[in-house]
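K.L.:
What follows is a structure written as structure tokens; I'll ask about it next.
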Amino acid sequence: MNRSPCRLSLDAAALVDNWRRLAAMSGAAACGAAVKADGYGLGAREVVRRLADAGCRDFFVATWAEARALVDTGVSISVLHGVRADDMALARLRNARPVLNTARQIQRWRDAGGGLCDVMVDTGMNRLGVSPADIADGLLEGLRIDTLMSHLASGDEDSPLNEQQRARVVALAGTTEAQRMSLANSAGIALGADYRFDLVRPGIALYGGVPRAELAGMRQVATPEAQVLQRRRVAAGESVGYNATWTAQTDTEVAILNLGYADGYWCGFSGKGAARAGATRLPVLGRVSMDLIAVDCGAADVAEGDWLALDYALPEASAISGMSQYELLTGLGARFDRIWR
Ligand SMILES: *Cc1c(COP(=O)(O)O)cnc(C)c1O
């Protein structure tokens, strides 16, 4: 097998610990998992397998192609973007059901014979979902609904919108045939027991994201590692990388690593990110240069062919790169070998 010169080291125990912590915080509410975007870039199949073993029963993807890729795992999958006409051929997948978002989607589902579904209601985000007024007018009558859900716009902030959205969900209780109600994403879980209803739907925090201070200490799951392709000495006065943004003040030992934009190592890490050789920090020098980065390896014993891990704890990596924690995960590229440990 030809191994890639970059790999994602994935910590299975950290993933499961994060889910268990969120499940414990959620009390009596069931704790699901958002695994859209290929498990936020980590690999949805591997995430699902491990969380299902830990006891997770409700999984959420965005599209039917994502559902199809998971269907043989046997878990229950909700497809958040609902059913377009183009989806109907797939929409009868075993164990998968749509989250219906619009009157047209609901009609399409009814015309195809109905069956168990979820419904998204918009309570103030104005993204996807039917309105509470349409529900009051009978839009959902006769539908077999597992979960009536809504989504928080600002759960990661102390916004008055949170309480407003929560109150609108409470007002829907008992007005439909839905077996369960659900509102909280990762951040919502930390807003308190009133936000948890019957089912919570964390995503980012499972993967080590920290959307609110209360969730500090979620364990890092994904660590990019890259192989050294060349080691060189850069003489004082010489520059490194595209646009020569870094110039050596003294003779400097530099390692060139196989990592760059296509892997999700963004320009924002230029001059700010770092690799590690053991505990020794090796700062990124100059620009990320397309598929390659340079690090100062003078403090470590680094040779061509060695592997170095990159600093990628999400709150810190987000702060230095200017990318959101969501972008940092979902941008992790296809060139990585994804290795679960
Ligand atoms: C993505 C998503 C989630 C998970 O959100 P996080 O902020 O990643 O925890 C939950 N519910 C819905 C509807 C989503 O789209």
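Glycine is no exception: its Cβ is also placed from the backbone N, Cα and C atoms.
Keep in mind it's a predicted model, so treat the numbers as computed, not measured.
In case it's useful when we look at the structure, here is the feature table from TrEMBL:
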{"type": "BINDING", "residues": "Arg127, Met290", "note": "substrate binding site"}
{"type": "DOMAIN", "residues": "221-341", "note": "domain 'Alanine racemase C-terminal'"}
{"type": "MOD_RES", "residues": "Lys36", "note": "N6-(pyridoxal phosphate)lysine"}
K.L.:
If you count Cβ atoms within 10 Å of each one, which of the recorded positions Lys36, Arg127 comes out on top?
P.N.:
Lys36
K.L.:
Across all chains shown, how many C-beta atoms besides its own are within 10 angstroms of the C-beta of Met290 (substrate binding site)?
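P.N.:
Here the count is 11.
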K.L.:
Calculate the distance in Å between the alpha carbons (Cα) of Arg127 (substrate binding site) and the residue listed as 'N6-(pyridoxal phosphate)lysine', and round it to a whole number.
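P.N.:
About 17 Å separate the Cα atoms of these two residues.
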K.L.:
Pop the Cα-Cα gap between Met290 (substrate binding site) and Lys36 (N6-(pyridoxal phosphate)lysine) into the table, whole Å please.
P.N.:
27
K.L.:
DSSP says what for the domain 'Alanine racemase C-terminal' (221-341): how many helix, strand, coil residues?
P.N.:
23 helix, 50 strand, 48 coil
